[in-house]
Amino acid sequence: MSKPVKVGICGLGTVGSGTFNVLTRNAQAINARAQGELEITVVGARRDNPACDLGDTRVTRDIFEVARDPEVDVLVELIGGTTVARDLVTEALTNGKHVVTANKALIAEFGNELFALAEQNNVVIRYEAAVAGGIPIIKALREGLAGNRIEWLAGIINGTGNFILSEMREKGRDFADVLAEAQALGYAEADPTFDVEGIDAAHKLVILASLAFGMPLQFSSVYAEGITRLTTQDVEYAEELGYRIKHLGVAKQSDEGVELRVHPTLIPESRLLANVNGVKNAVLVEGDAVGPTLYYGAGAGAEPTASAVVADIVDLARELGAGQQCRVPALGFATDALQDLPIVPMERVSTAWYLRMEAEDKPGVLSQIASIFSDQGISIEALIQKAPAAGETRVPLILLTNKAVQGNVDRAVASIEGLDTISGEVTRIRVEALDG
Ligand SMILES: NC(=O)c1ccc[n+]([C@@H]2O[C@H](COP(=O)([O-])OP(=O)(O)OC[C@H]3O[C@@H](n4cnc5c(N)ncnc54)[C@H](O)[C@@H]3O)[C@@H](O)[C@H]2O)c1
Ligand SMILES: N[C@@H](CCO)C(=O)O
Ligand code: NA
């Protein structure tokens, strides 16, 4: 038996306590898989957490002590954020410790520098829990799909947002009320605007794109739109047209470059992704050799996330036990093979569109709108015109377009909003068929 691999856990919140509990409860199977003993040598926490019983585990209130502890082989960063966490991880790497983290903000924004620092110090950073919680999507992209050119991927990668959308659709619940429940369940980020404004999904998408296409992390290039402006009305109209609205992250590679975008999306209701509900996440990956593959599971929560954290620790323990390190590069591609691929500007991105507007209920309006679309080369796929409410002269008009580049849709919408027969702004949501 090799000597125990010594683990220091920093942060004892939702994921920290979940990780402690899973490592302790499943120690026997975990050690058998790791081919050696995993020992929790120290826990760095501001305070105890009633969700876990630390027993006689050593505890320090200063997490930097863990990064300096000569006993510790692997530092597990579960405090979150990009300030103290960045300093902590930097210190751990500099001191020759491997790092496991669930922190997507840290990886998306500072991964390039941290991976380089890890390489210089001959240690590794593992971050499976950072994307789609317990789903082993990073391992799938980095290892299982290594034979493919990845064409595109699309995923529901924020559990809180999907939980909110599902509860609103299925139970007609109020947005703020469901968000509060997601926070109580430990799904949400410390700042929940990260969840509902698409920032958390953007952090995850940029990580997935780098793994898929072999490029350095480019967080500032992601287009991110959240779910806060979605209305139950749009959810219902989408259903009438045979679609569900999901918050998707999409990364696509074409001759023009890479599309990186996070936004609410209409998906045909027959697609598997349209039926992923609650805190579940799912990522659809299209490889040129394998075709489509789909990964599904819990995207947030204490133990689902801990499942991924522990898998990374086991992976590291196996490598340490075998006397090797850095078996798999941080982004799956050799560092010197990473390429700065161009990002396709949003006005060049082509999708189909759902558009809703309030129109005067009088002859000629539809033909005005049709001619604006035709001027921009956009064809209309479906149209619903609702009856006016009692005493109303305006009617909701809902259109589905065929695929069109966003620049043309922007121009068409601006012209439509300029018509005196249309009141207010046109609501616009992208549509993805997800069929290749
Ligand atoms: N909650 C989830 O479902 C989930 C899923 C995947 C990834 N993550 C990520 O995991 C990380 C942790 O998330 P969480 O939900 O467990 O958050 P949390 O707020 O429940 O836990 C963070 C803990 O770190 C502690 N902490 C913060 N700064 C500290 C410091 N300087 N010294 C000591 N302790 C400190 C806090 O007191 C808290 O107990 C984040 O990066 C988050 O994005 C969370
Ligand atoms: N807040 C995140 C946690 C998992 O990364 C979510 O809801 O998906
Ligand atoms: Na994961």
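Any Cβ shown, glycine's included, is placed from N, Cα and C.
Here is what TrEMBL records for this protein:
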type: BINDING; residues: Cys10, Gly11, Leu12, Gly13, Thr14, Val15, Gly16, Ser17; note: NADP(+) binding site
type: BINDING; residues: Lys104; note: NADPH binding site
type: BINDING; residues: Glu189; note: L-homoserine binding site
type: ACT_SITE; residues: Lys204; note: active site, proton donor
type: DOMAIN; residues: 354-431; note: domain 'ACT'
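Confidence in the domain 'ACT' (354-431), given as mean pLDDT, stands at 95. Less than 6 Å separates the Cβ from ligand 2 in the case of Glu189, drawn from the recorded positions Gly11, Val15, Glu189, Lys204 in sequence order. Note: the NADP(+) site is recorded as Cys10, Gly11, Leu12, Gly13, Thr14, Val15, Gly16, Ser17; in the same chain, Ile9, Gly18, Thr19, Phe20, Ala45, Asn49, Leu78, Ile79 also have Cβ atoms within 8 Å of that site's Cβ centroid. Cα separation, Gly11 (NADP(+) binding site) to Lys204 (active site, proton donor), rounded: 21 Å.
Long-range Cβ neighbours of Cys10 (NADP(+) binding site) (same chain, at least 6 residues apart, Cβ-Cβ under 8 Å): Gly16, Val43, Gly44, Ala45, Ile63, Val66, Ala67, Leu75, Val76, Glu77, Leu78, Ile79, Leu88. Checking the recorded positions (Leu12, Gly13, Glu189, Lys204) against the residue listed as 'NADPH binding site' with a 10 Å Cα-Cα cut-off leaves Lys204.
Rounded to a whole number, the C-alpha distance linking Gly13 (NADP(+) binding site) with Lys204 (active site, proton donor) is 21 angstrom.
Cα-Cα distance from Thr14 (NADP(+) binding site) to the residue listed as 'active site, proton donor': 19 Å (rounded to the nearest whole number). Counting every protein chain shown, the number of other Cβ atoms lying within 10 Å of the Cβ of Ser17 (NADP(+) binding site) is 26. In the three-state DSSP classification, Thr14 (NADP(+) binding site) falls within a helix.
The two recorded residues Ser17 (NADP(+) binding site) and Glu189 (L-homoserine binding site) have their Cα atoms spaced 16 Å from each other.
Mapped onto three states, the DSSP output places Lys204 (active site, proton donor) in helix.
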